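The structure appears right after this line, and notes come after that.
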Amino acid sequence: MKGSEFQSKWRAYCRLMRIDKPIGSLLLLWPTLWALWLAGKGIPDTKILIVFVLGVFFMRAAGCVVNDYADRRIDGFVKRTASRPLPSGLISERESKILFVVLVLLSFGLVLTLNSMTIWLSLAALALAWVYPFMKRVTHLPQVVLGAAFGWSIPMGFAAVSENLPLVCWLLLLANICWTVAYDTQYAMVDRDDDLKIGVKSTAILFGQQDKLIIGLLQLATLVLMVTIGWLMNLGGAFYWSILLAGALFVHQQKMIAGRERDPCFRAFLNNNYVGLVLFLGIFISYL
């Protein structure tokens, strides 16, 4: 393979794994860090932290690969996804399957350094990552499955740090599911017209004209659950200030999606990175 061909193939692999679009990895990373800090009541063990951070990026990449493989026959009909490596022919189906297996093996190799409880929970994480891309064909609620997939690092984090799954763990998972459904509905609003044409289901289609209201209710539920977690964990004032700031960001997002236009809806989705960040900073500062 010539140098130029290698570079072209490498760029295609990077695009398939979304290395050029880190937003998904960040949205997966923040709940992971929330869980690790809450479970450890402060900075977790360095080895556990490294394993989870690397695992986030490997599993997010694996999720993108299986998502594009599942959507390979429909992505060409959607404006935003038509140029992806699989529908455009830059990566073959066989190459994508090999890449998925490699990424999963790397992730599982990391998990094997943790306790048995975390290893067993990781099997559910793999199942969720595999199932999610296919759910949009059978239900209007694939975003709920995505929320569980993106949040499964929460029980895994508690298991790795404390070998315990307390009430706070499940409340945090529920908060993350509410938040994920809210921001991924914003994301789905970008593709709603295309999805209607090709028969792909989403919460954006299910919610219809009530989309903004339901997103707002989900955002409110996220904040209420985070307040409850703060109370149960006796977190300091910094955490509650971070919740107020997250609420302000949610209000800003509501303004962005008010016209249901593609670009503002996508910017609202991207804005959720700051929500995850400020909530983590609130937890982090509370344990200083």
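The backbone N, Cα and C atoms fix where each Cβ goes, glycine too.
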Task = Have a look at 98-118, 119-139 and point to the one annotated transmembrane segment in Swiss-Prot.
result = 98-118
Request  = Please work out whether the transmembrane segment (23-43) lies in contact with the transmembrane segment (234-254), by counting C-beta pairs under 8 angstroms that are 6 or more apart in sequence and asking whether there are at least 3.
outcome  = no
Ask   = If you count Cβ pairs under 8 Å, which stretch among 46-66, 141-161, 268-288 touches the transmembrane segment (98-118) the most?
value = 46-66
Query = Apart from its near flanks, which chain residues at least 6 from the ends of the transmembrane segment (268-288) lie with a Cβ under 8 angstroms of it?
reply = 23, 26-27, 29-31, 33-34, 37-38, 41-43, 179, 183-184, 186-187, 190, 226, 235-236, 238-243, 245-246, 249-250, 252-253, 256-257
Request  = For the transmembrane segment (141-161), could you work out the same-chain residues 6 or more beyond its ends whose Cβ comes under 8 Å from its Cβ atoms?
outcome  = 27-28, 31-32, 34-36, 38-40, 44-45, 48, 51-52, 55-56, 63, 114-115, 117-118, 121-122, 124-125, 128-129, 131-132, 135, 169-170, 172-173, 176-181, 184-185, 188, 201-203, 206
Message = Give the nonlocal contacts of the transmembrane segment (213-233) in its own chain as ranges (CB under 8 Å, at least six residues past its ends).
response = 38, 41, 167-168, 171-172, 174-175, 178-179, 181-182, 185-186, 203, 207, 239-240, 243, 246-247, 250, 253-254, 257, 279
